[in-house]
């Protein structure tokens, strides 16, 4: 029977060979870095996600990124983030802690003196690169020593080490990945096991389990040596002792893996009130790694066998062929030995000289190779097989065997192996350096998160990090064929909205953004101070009642009672919502059945449509038309709704009519007579009125805002919608409200409770203070005067240009007639704009070439009526005077383009 070779001492020749191996390992790292850097410089990144981690705002940052950025790809993002922040989101537990821990250690110690020239993120990246490359050199040396120990052949050991230096996974060995660290620890443990130093081997492998999960398989070496190859002639007591010894050594080997799993369990599963939110906590063996691999990374039996993965199978094919060939070659050399687990050899081979690769000493390594091959081709992402097998000595032993003149598979294999190692490594460098497609994941899968208020601070930080997580997931997912799950019918028809086109365009062109209706000046000081004070009070940082905080409901009732000519009951007639939009959505959710019709007056707030359709309703449109001469300035009151046309839109399925006054984008304040006509129709056809009055505090002399709910017989069928964002310039606070009779408000409250449950507490408190103090401070009156000034400032610009405007009577938008603007006929627009009305192209040109962003108002029309608005553009004047002056200076450039 063959035996393992005895411990081989390090001779002078061996020491020289070790030095040579280390030298070439280091040189190979420099060569790989150079190739990667050149490739990265010549080829544009597939994805710019790297700039999230390594900004390039300064020259030094650009230099650092060009030197070290090539090593920060794919999984490396996670390792650096874990090194910096720890485990702050669940899916990061797919990445084990050893590399991040070593990275942080090196950054905080060895690189600490560089803190004056490198920021901490740069220190971590540099530390990660150092760790990876140092451990690669160690791994190369340890593979040489292991091979020499196993086979007693110095030349063979040197050849195997040199092939490791040329590993086809070379770039992963240099990047901030686990490959080199895991290899060094794996080879070290195998070296100890070969010397029968099993305790040291188990410790090394246990540490390796904190780098990669497959370190747990190394217990197989202990089982094979101590149990499978046990001397059966020994006494029973010796056999029992050996079994206990093997069991304890296996436990030591697994300690690292289970420590990592216990840490994950302690983060998410120890709070009994939250355990149901994470299903994996309740299984018999709650391993976070198993759950994360399944739920986030789509790892599972045969899941990867899809037609779209054929390219990845082709990428993995060379390593699969090499592995299958090596394993079969070993098995067929002595099948008797293979099927008796190495305990017996056939007589035909027991006496002849056995090539190193074919020796019994390689048997457990070949078994490990086979187990990992089976696992990778059935369960794991197939394209990682090449780098996963970079930590397996038999890969290099079989390759070295082909170079020793014993090519039982044919001389051509030598060239094939060499070509594979060199070319695959080179291609891998280029693909990796330019961030080409990685393994597929489940981009649509988000953590099953429980309410953050019931989480510990650490688990609350998990939720706060979801945006970063999503960015990593998206940047990886979009580089390969995405998982396609049919979307719900209620959202499948949505087109790209106007905001996703023009807001990024304005940023890209550094245009003055007069498109979106947000204020670029701060809210009033007394409201901001109230918010700041509320944040210091515990009762303001907990759940509020779904109806809203009592203080805000009382303040709203007190402020609005005189305006509604009735005493409002804050308990039953006022509901606070997450912005006016969520309030409107809640009304639709509370009243619409599938097929229910909602009458809208065009132009309309674009969110109305999705709010209606997502609740099963059908929007029906009736346009407000300009009745004056639109070739010159006209008041917004000259935009009229034809009441007969409006009534013609009503059918037995009609349930709701939506009114917006003051109107966006026209700026029209509906008169009492118009409201009475609309109210008459609502009574006649038994319609609910949603009166969207978010601009109710922004109307200009001589107009007065009239509320439809104050008219005879209409309080009983009207829900009025308000907005703290428009009232106090706090659009990001998302505080809105509904006012109406109890019987009408209750269905909306029921829906609201299921949609958001409640609205954020501290900002409700701040808006309450705003209403309590607004009158005594004269805030609403001074705000109207300020907006009148801004309106006139912008109107004067268009008057100087000779562009007719609709003079707004309320809100903060101006509709400008752009018919006189001559956009160059040969101007090149993006293809998507040719599918949209003319005003999209006009506003695009204004943003791109004039430097002022406006919004095309056809976005607020149904397609049949878009022609009514294609010669207009909407400009917002809720901006600082400085912003409006800058816009005015740019807009004057239009003189050259006005006919």
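Even glycines carry a Cβ here, placed using N, Cα and C.
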Where TrEMBL places transmembrane segment among the ranges 313-333, 376-396, 397-417: 313-333
Where TrEMBL places transmembrane segment among the ranges 156-178, 455-477, 478-500: 156-178
Of 73-92, 93-112, 353-372, 513-532, the range TrEMBL labels transmembrane segment: 353-372
Per Cβ pairs under 8 Å, the stretch of 156-178, 198-228, 240-263, 353-372 packing most closely against the transmembrane segment (124-144): 156-178
Dominant neighbour of the transmembrane segment (156-178) in 21-43, 198-228, 240-263, 313-333, 353-372, by Cβ pairs under 8 Å: 21-43
